[in-house]
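Features reported for this protein in TrEMBL:
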type: BINDING; residues: D:R48, D:R54; note: NADP(+) binding site
type: BINDING; residues: D:R125, D:S126, D:S127, D:N238, D:A239, D:G278, D:K293, D:P294, D:T295, D:S296, D:S297, D:R319; note: FMN binding site
4 protein chains.
Amino acid sequence: MSGNSIGKLFCVTTFGESHGPALGCIVDGCPPGLELSVADLQRDLDQRKPGTSRHTTQRREADEVKILSGVFEGKTTGTPIGLLIENTDQRSRDYSDIAETFRPAHADYTYHMKYGLRDYRGGGRSSARETAMRVAAGGIAKKYLKECLGMEVRGYLAQLGPIKVRRLCWDEIDNNAFFCPDPDIVPELEAYMDALRKEGDSVGARINVVATGVPPGLGEPVFDRLDADLAHALMSINAVKGVEIGDGFACIEAKGSCFRDEITPQGFLSNHAGGILGGISSGQSIVAGIALKPTSSLRLPGRSINVRGEPVNVVTTGRHDPCVGIRATPIAEAMTAIVLLDHLLRHRAQNQHVHTSLQPVPAEL
Amino acid sequence: MSGNSIGKLFCVTTFGESHGPALGCIVDGCPPGLELSVADLQRDLDQRKPGTSRHTTQRREADEVKILSGVFEGKTTGTPIGLLIENTDQRSRDYSDIAETFRPAHADYTYHMKYGLRDYRGGGRSSARETAMRVAAGGIAKKYLKECLGMEVRGYLAQLGPIKVRRLCWDEIDNNAFFCPDPDIVPELEAYMDALRKEGDSVGARINVVATGVPPGLGEPVFDRLDADLAHALMSINAVKGVEIGDGFACIEAKGSCFRDEITPQGFLSNHAGGILGGISSGQSIVAGIALKPTSSLRLPGRSINVRGEPVNVVTTGRHDPCVGIRATPIAEAMTAIVLLDHLLRHRAQNQHVHTSLQPVPAEL
Amino acid sequence: MSGNSIGKLFCVTTFGESHGPALGCIVDGCPPGLELSVADLQRDLDQRKPGTSRHTTQRREADEVKILSGVFEGKTTGTPIGLLIENTDQRSRDYSDIAETFRPAHADYTYHMKYGLRDYRGGGRSSARETAMRVAAGGIAKKYLKECLGMEVRGYLAQLGPIKVRRLCWDEIDNNAFFCPDPDIVPELEAYMDALRKEGDSVGARINVVATGVPPGLGEPVFDRLDADLAHALMSINAVKGVEIGDGFACIEAKGSCFRDEITPQGFLSNHAGGILGGISSGQSIVAGIALKPTSSLRLPGRSINVRGEPVNVVTTGRHDPCVGIRATPIAEAMTAIVLLDHLLRHRAQNQHVHTSLQPVPAEL
Amino acid sequence: MSGNSIGKLFCVTTFGESHGPALGCIVDGCPPGLELSVADLQRDLDQRKPGTSRHTTQRREADEVKILSGVFEGKTTGTPIGLLIENTDQRSRDYSDIAETFRPAHADYTYHMKYGLRDYRGGGRSSARETAMRVAAGGIAKKYLKECLGMEVRGYLAQLGPIKVRRLCWDEIDNNAFFCPDPDIVPELEAYMDALRKEGDSVGARINVVATGVPPGLGEPVFDRLDADLAHALMSINAVKGVEIGDGFACIEAKGSCFRDEITPQGFLSNHAGGILGGISSGQSIVAGIALKPTSSLRLPGRSINVRGEPVNVVTTGRHDPCVGIRATPIAEAMTAIVLLDHLLRHRAQNQHVHTSLQPVPAEL
């Protein structure tokens, strides 16, 4: 129950640092009888892993996951699933500069202030490398949701810097390096990223996640609302600075007469609420969006201080993502799936039946 | 650990329905020795309570809180604090219409689907009336943070429908019915709300919360980040559809060279991050913003269905807030304070010292 | 999640001190649709309440419970159930002696050392008065278990000081002031207690609890075993110093060939294990026993110290139970029922079906 | 928060099966700055590991633990510590008999009923092999308690079958294969065990644990009492059927005038309570005892059923401990240390100071 666990019934606890020997996690609470193999998890891991295109960090990690427990004869047994990924590309380099310096906008300063010491190699625990385990654990959740209930959790890049997606073609997402659903803007994205890399700068992004086939009734009043737990899970992703459910911040200027999603016997007429009413799923698609800040690891020098409080100039020379948002899509999917499965199990505990929903309105872009 | 608790060490559990006999909560984990009386909690409760201006619901509730335990001779004892507020203005009216109808965009449908039955009187558990207890519990957290560490948690209305606050005068917030820090726009707000009420419509709003005096080091990697827990707590407030930390969604279009908050020996040079790096407080002001949707209780008729799946037209005749955001300011403050105190206690548990921060950059509007 | 909650899915949180205005609790996670009224809870409360015979404390409390939320039109709604019992017999007496004195073997010294201050009136939070709320909350669990699954949780006095029960007549338990299932020894018990009261001394007791109709499969490996959670719940009752499952400490001298409960197609041939194997219920009766120490509130003077570390002589003149074990039977039943319902809900969450058991062996005395 | 975690602030989550590729655990919440290496954990692991004498199972496991995270430059960082032990001696044998059979008094039947399927190789998750990780995690807790507070947690064999320890020489415990503190009875124990092995039978045992140097104030009212959490932790050890604190079940026949531990300015005059009053440590030694049942894996045939409900005769031919109690001493120490450290952290969170105790009475045998 310390800070490295998420979920009450489907509970994921991760460990591992960027440049330690391995990353790992324990998935506790997965129902028994689910067919599960390494192959089920590897696809999402491959999507998240670094070095797959010139637009992401050139660190090379195989990110091959091992299942150490909880699966027997190809099926989950109900006991905790231990997962492990060994770090293979921790270059032996000299960290003495970074050891004493607080890189601006990194967790260096806050970890140091919190703990009094820190593993400074590649950001240690604060590195996004930890999210590999989230993707692995989320893969289990996604498989269960899909096989047992037909639910699907899918994400996509909705905006990269100033470039916004204009149409949502689900089939296109895997056809480019950006998880972009709009093939028309892919050349634009590539040109933008190439220029950015030359500048030595970075930029933010927006990822949307949509869950379909969600039964109504998931979510608990009043604190563990489904949207509150999604906000927690999504905000826990490195670099995320904002979370929206449904229309999100656009609701501020909306009138109630337009915003409320009216219902007919044939289904909801709109989905401004993003599939959640009173913290509980309505059976419509769950729609969430997140904003990811630009990475702070830049070749452009920045002012900061060292552990002695002296001013220093920081230039990042390591391998970094100019847009951390690009690789965040499978992570956002994973976190969403973990929350949904956790709430499905919580719902089942208290309520005997999982209801069928009204025909949901399709989620719009 | 069911859905009605928040906080791991400073843990608040609430109960009560809109039209039941009483609301209550248990605050477990408050450190001993804090001077505490009903008066400490009543001010915030009075701010949140309905019927204080023509711009909020005309339901009249005294919202007088009783302390039933955990305080002895004027001081907290370390044992759980039981709080109670009796409902006094549950008008005896005929609920037969609402009993069978799912009001659009309310929790009626989702509660019914989840539980198979529901307390339909005034929304039951899903009513924002429950937030009275959050404000009471948050008042304890606010007092502890202020007296023991000099921390302050303050919120304000940042936008109401299309009207945005242009300057932040903390002293003005209590001088109007809107928690508005900009006296120049108060007449505009009044005119807008009067027109809205005549229309029978409602509108959204944005509330910002700022916590000052926060020591660095609060927050846990990797799931229980301070920002993730704030997102959870703030998204759990009724009608909230979005949460931002620091610059929030504006980070999407930002370049890393501008967004990163540089540090000098004299302090941070900016606070785009909202006072949190790597999920841990930096010692700068914590800045969060939330979007609240327009209430769905309107005099304008809306389409929906009843429990038999038949189409119905819904008109809300009860007493409702045309902008639920107005009364949300003390609630957002309360939730923020609860999260901060919880993390302060968690920090103390693992780390012997609470560090002093660099001089923080003042939070800008 | 602080110290005053028990249960993960059926979660009970209590508040209140011996001489404060009221005791209360929140029961979160009760499934919806259970018929529930005050009358369902009052019977057990009346059994536990003080002053019902000359063998227990003469404090007079009505112990009338109010249901403040979570029940609508006679049925639970799935939302948290708030319960309240007002204290009515807090005699206004002079506590100045006890305020500065640590009564030997009470919690006075440890609360003072923990918190630096304490509510000294009647033991404050450490008083067994708090168990009234456990009995009320447990009453809800007992009702659910009985109505939905036919499970029954019943306790009895198995030993009082040197006097052991020799036969188990369930029907006799309510026919005497001791929850004694053996009518033959009741006169012995009465004589013993009368003599004890004259001496001004106190004595220990043993309570057994038996749960019947338990389906197999309840309990989680490896830490939240059903027996581990029962041990936790039972040891949390005031004055309990030991917990046994099944044969308990008698297993030390047993040979495996005798102790193992063999199975035939017709059922288990014995129940040395007390209905739990590997931490999971076997479908046999769950059998647990607890040892309660003699109360330390005696008319016989005892040596102790005061808050200044000076030696004092302590004589208890208040109203106390010469054998706290007597009133512990409904408390032990309540705690057992809370644990069983919590594990039933946890089981349901992860596993779709609750299995039918082999014919269980009847629990022996 | 599922069943495979223990501790709220010092939280240990384990995974792994008897015959899977590896066992592992995550220790989350260890304070930063503790010097820690594999050598610190290996001593206790070597004590627990099988095959060290002819009186325990002849399975040969190196039980070499790896630290995968949370330690940097020889010190804990405050981030989660990942531990791994590979299984090396999983003999490739034919499990087809055991696959369909429920061995009497094992968890075979209950796991099958709970999950519908099970890893039958060597008991899978229900095997005591899992306790290797508890010992490793407990080693971290023991080290922290000793180095930072001078606390020591030590256990010993108090009884094996009918043979009781008569004196407590702490220095003798490591000088024999039984963790026996009484050198006089070691020959008796050896003869008894040799005879038992010849019979093909097994026997129970009692282990006592004593923690010294415990500050007063650890433990939470009312459910998370220190004794309740110890009972939970100790009962969660495989084969444990009873837990006592202090005098335990002997309190039933005790009079209050003798049982209460009187206090003088020089300290407590006795320690019947086992160092815990009102659920909170008194500063005296914590004393707990547990009863372990005889293992059910015997060469003597026993009646049972198979998965089709047919009667079968079960004879265990594998490698097993004739007295599982022997190897339980380091496990009981580990569980006790985990609970104590968890409560120390919880205490620190809420209370600023850890008090110094009165001179404690030495724990007697």
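Backbone N, Cα and C define each Cβ position, glycine as well.
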Which Cβ among the binding-site residues (D:R48, D:R54, D:R125, D:K293) has the fewest C-beta neighbours inside 10 Å?
D:R54
Express the distance between the Cα positions of D:R48 (NADP(+) binding site) and D:R125 (FMN binding site) as a whole number of Å.
18
In terms of Cβ proximity below 8 Å, which binding-site residues out of D:R48, D:R54, D:S127, D:T295 neighbour chain C?
D:T295
Can you name the binding-site residues among D:R125, D:A239, D:T295, D:S297 whose Cβ is less than 8 Å from some Cβ in chain A?
D:R125
Sequence gap of 6 or more, C-beta under 8 Å: which same-chain residues meet both conditions with respect to D:T295 (FMN binding site)?
D:S202, D:A239, D:H320, D:D321, D:P322, D:C323, D:V324
Let me know how many other Cβ atoms fall within 10 Å of the Cβ of D:S127 (FMN binding site).
21
Which whole-number value in Å describes the distance between the Cα atoms of D:S127 (FMN binding site) and D:R54 (NADP(+) binding site)?
20
Please classify the secondary structure at D:R48 (NADP(+) binding site) using three-state DSSP.
helix
Give the number of CB atoms, excluding that of D:A239 (FMN binding site) itself, located within 10 Å of its CB.
22
What's the CA to CA span in angstrom from D:R125 (FMN binding site) over to D:R54 (NADP(+) binding site)?
25
Measuring Cα to Cα, how many angstrom lie between D:K293 (FMN binding site) and D:R54 (NADP(+) binding site)?
20
Please report the distance from the Cα of D:R54 (NADP(+) binding site) to the Cα of D:S297 (FMN binding site), rounded to the nearest angstrom.
17
